[in-house]
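Everything on this sheet refers to the single structure shown next.
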């Protein structure tokens, strides 16, 4: 069965490479599919089930709306490429329920989470080849007591991972029997824990480089991915204490093959590696902040120009920021109808303050006798 899946993937991949070389359009065999097609919905269901099974903590995701779908097929199998929005549910990760038995979390983020998935389907086998859901800014929640000694998830694009990844890859290259050095391919998951220093736990995969160990004692800027693709995925634990000026301790366990595609991971931006500079994320955040500020000013101006919008009584609950689109607007019924209606909690307006009770009006002036209680 696994052999059939590999052959199907190989055929589709070969067609993708063969098409442009023959002067044809890229991926000519990939065609649009109906968003409300039963097979497309089944592909999304498989992707969400697989994604939720791999969540280490938090809450499961459920389908909100299928945005776009396409498929590529041959005589033996069909691959579906789907884009959809999801929402956080009230079912915890690792529970017995599947997402179809859950409800949207009322306190979840109003903005849905965009997801992409690639699913292989044939008469004899169904398999999720890749699924990824882009995280969105978490809603503000009540403060909880901080666990100072517990592992904390950190962003896979954080600069703090540069040294732990470098130690891990260096350790692998020193211990492996490969004739070539390996370089970073993608990072899947990372946590940091305060111990006698910092303990990093990493999930990542690497790719063989063009630098042989005979010609290069260690990795350098001349090392690039080798055309002969060879991958290895690793779990690494790195203990560092920079203030003690001690050599970091890295425990790396690796196996051949890529990191599972359905695990939550991001591929590094082009040009990033432990040996290269990071992108200027601060500049991006500054740009986003200025854009948000401009939107707020524009919103305030529009409210001043239309006072009727402010005085409207009993407003309806706010809809999601990505409003559902009717299927009739697209010939392929995309986006699809929402799986369930999401109604975020409404913020009650504070009661209008009561005007202070007016003091009694004294027509005649007070005398000293009045203050003494004498008439």
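The chain as shown is numbered from 1 upward.
Using N, Cα and C of the backbone, Cβ positions are placed for all residues, glycine too.
These features come from Swiss-Prot:
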- 91-102: disulfide bond (DISULFID)
- 115-133: disulfide bond (DISULFID)
- 211-223: disulfide bond (DISULFID)
- 234-254: disulfide bond (DISULFID)
- 35-139: domain 'Cystatin kininogen-type 1' (DOMAIN)
- 156-260: domain 'Cystatin kininogen-type 2' (DOMAIN)
- 74: N-linked glycosylation site (CARBOHYD)
- 235: N-linked glycosylation site (CARBOHYD)
- 283-375: region 'Disordered' (REGION)
- 1-23: signal peptide (SIGNAL)
Counting each residue once, how many in the domain 'Cystatin kininogen-type 1' (35-139) are helix, strand and coil under DSSP? 19 helix, 48 strand, 38 coil
Average pLDDT across the domain 'Cystatin kininogen-type 2' (156-260)? 91
For residue 223 (disulfide bond), the closest of the recorded positions by C-alpha position, picking from 91, 102, 133, 235, 254, is 254
I'd like to confirm something. Which of the recorded positions, 74, 91, 211, 234, 254, has a Cα closest to the Cα of residue 133 (disulfide bond)? 91
What is the separation, in Å, between the Cα atoms of residue 102 (disulfide bond) and residue 211 (disulfide bond)? 50
Residue from 74, 91, 115, 235 whose C-alpha is spatially nearest that of residue 254 (disulfide bond), among the recorded positions: 235
Among 115, 211, 235, i.e. the recorded positions, the one with its Cα nearest that of residue 74 (N-linked glycosylation site) is 115
Show which residues of the chain containing residue 211 (disulfide bond), separated from it by at least 6 in sequence, have their CB under 8 Å from its CB. 180, 181, 219, 220, 222, 223
